[in-house]
Amino acid sequence: MAHISGVEILRRLETYPSLAKNLKYTQVEQFLQLVRRLWPEIVPPQCSQPIILSTHIIEFLAAVLQIDAALVHLSWHAFGDLGQSFFCEPVQSIDDTFRIHGHDHQLGKSFLLQHPKFLTYVLGPETIGPPMSLCPRPECDYHKLGEELVVEARLYTLHRGILPIFSKSLYCRSCHTRYYHNYSVEKASDPTARRIYYSEDIPTFIHVTETCLVEKNLCVYFEKQMAVCHATCQGIARVYNMALGQSSVPNTSRLLHQLTGELVLDSFLFHAVLRDKRRRREVLNVVHKEYQAHRLDEILAERNYRMAGTGQEYWSHACDKCMIVYKGDDGQYYRMTAGVHDGVTVRHVCCSVHNCTEPVPTQRSLFCYTHQDLIKTCCIFGCTKLAQPGFRTCTLEEHRNFQTETELRNTGMFQLHSRLKKAGLNLIPDPTPEDSPEDSTALPSERAGVRGRMSRSWTHNEQLFVRCCGVILSRATFFGAEGITGVKDFLKATFPESYPGSLPSYIFYDNNCQLLKHLQSVGDSYFNTVGLPVDVFHFKCKHTIRDGFCQVNCNPAQFLELIGKNGKWVFNSSAAEQANVWFGKFQNIVQEMPDIRFNFFLDEMIAIHNITTVENLRKQGHKPHLQQEALLRGAQM
């Protein structure tokens, strides 16, 4: 944006003696700053510059500059053409001006009900409205949009705090489409109506809810807080409200000017989805009538499906720390690559039926829709009798006692009492016969042989495959246990048959001996070209020297290629353990998320982590790159 020189301003003041006599130079600068900020309101998109300003603009400028309306008219004639090109950084003083005066130019509620067109007479520090004033559809002959609606809203920014704004929309009667700031909706009353975003670019201000817009840069700040500091959404909101969201002048808006954890998460999701669409050169298209909590479910589910296995942007990553290129005896060049597979305890609520992967209806549900009838059955494992009304168990005494004991153990007093006993203390005296009720019993202990589940079930863990440089290639949820068959399937999904060249030369895993036994027992030759050593750390602390199979087949020292000329390991087999430390800290953030958001969030955190890791590898001179398609398909170098 061009800078307007002071010489040009002084030259024009000489042309208008009345302005030179009645205005200070600082007032002219402030006039230009305000006009620049109000330009989209003064000159809507696809419209020409007006000769005379609208009444509400004149009244606003007169009140702020403390001059009469005639001088505002004259100032517009003198400097109006400079307004759009005037360089105006978003400064706090201008924002505060709108905080103080913006609502002064709303008309009374009763008048508004009788004259809804005057709803346009509201001003905010940013003009939020559709980027067009003519319908963009050729079949509508590009006629002017009308039926303006204005909604009082808030704009959450990174450096300017929370701004009181007004979000405007326009309507086309021909195609029955309403145009908003980020998107349009055709036939909004139709249950199948969709919000179609205007382009694949991420807007500067993202329309997260009807009354909340969030600056793009603030969304980036949110995700960095999550990815680097493992900050919860509630924690981010509290810090923002105490620091970034503060202003010296309070907002006069009637809306609550506080950031919430729910809005932080919604902002993160919208920004991430828009970025994903931009990367794929697609336009976001979401359901219009859905509740806010589920508006993105369809998009998130599609992205989650796409990310499974090979979906990460850096799935084909290679660098000097995870790939070695050498020349063979035949004169050909060959690659030696390596990665680490491991699990980490990050979990979400799931169906209580073992290994069921169907999502639960709500976060408090015990079963998915398919197994919902099991809630009527006794919760003791193996019992098929119906539970009695008001109970989770059948009428068998030992089953009913299990429920009673379980409920007692979940009380705070019992848990504290148990901790004292474990510490060897008994500060709470046991009741004596004299002062005990006749029906008093000792604190119960778990009954042998009776096992059941009365609370929610959780997935077992998350599995990661990590290159030895720290780049995470893939992630999967293990529901029931970290079984060998599940590990095998996860590795096959990460390195599918269609990309035989993607298979690493070596896969480190702390239980590779059992994996190799399984592969041999079922005659699976998928990994015949892959070395399966146990990573160095776990081999030393977890695997006994008496296990001959493990020593012969999975001892990393058996693989001479893994030992460099200096006697050191050529690959970092602890990369997954290091990644797990970072990844495991997300448990507090995601544990109560529905599975759709859980998966999307973790995949997005991995994507952000990979971008940072690759950038660091580049700075360190390790030549990170994406492997060529032909090599991944199995071609020779």
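Placement of Cβ uses the backbone N, Cα and C atoms for every residue, glycine included.
Over in TrEMBL, the protein carries these features:
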- 126-243: domain 'CxC5 like cysteine cluster associated with KDZ' (DOMAIN)
- 340-403: domain 'CxC6 like cysteine cluster associated with KDZ' (DOMAIN)
- 427-448: region 'Disordered' (REGION)
Stretch-averaged pLDDT - the domain 'CxC6 like cysteine cluster associated with KDZ' (340-403): 90
The domain 'CxC5 like cysteine cluster associated with KDZ' (126-243) - residue tally per DSSP class, helix then strand then coil: 27 helix, 46 strand, 45 coil
For the domain 'CxC6 like cysteine cluster associated with KDZ' (340-403), the number of residues DSSP places in helix, strand and coil: 12 helix, 10 strand, 42 coil
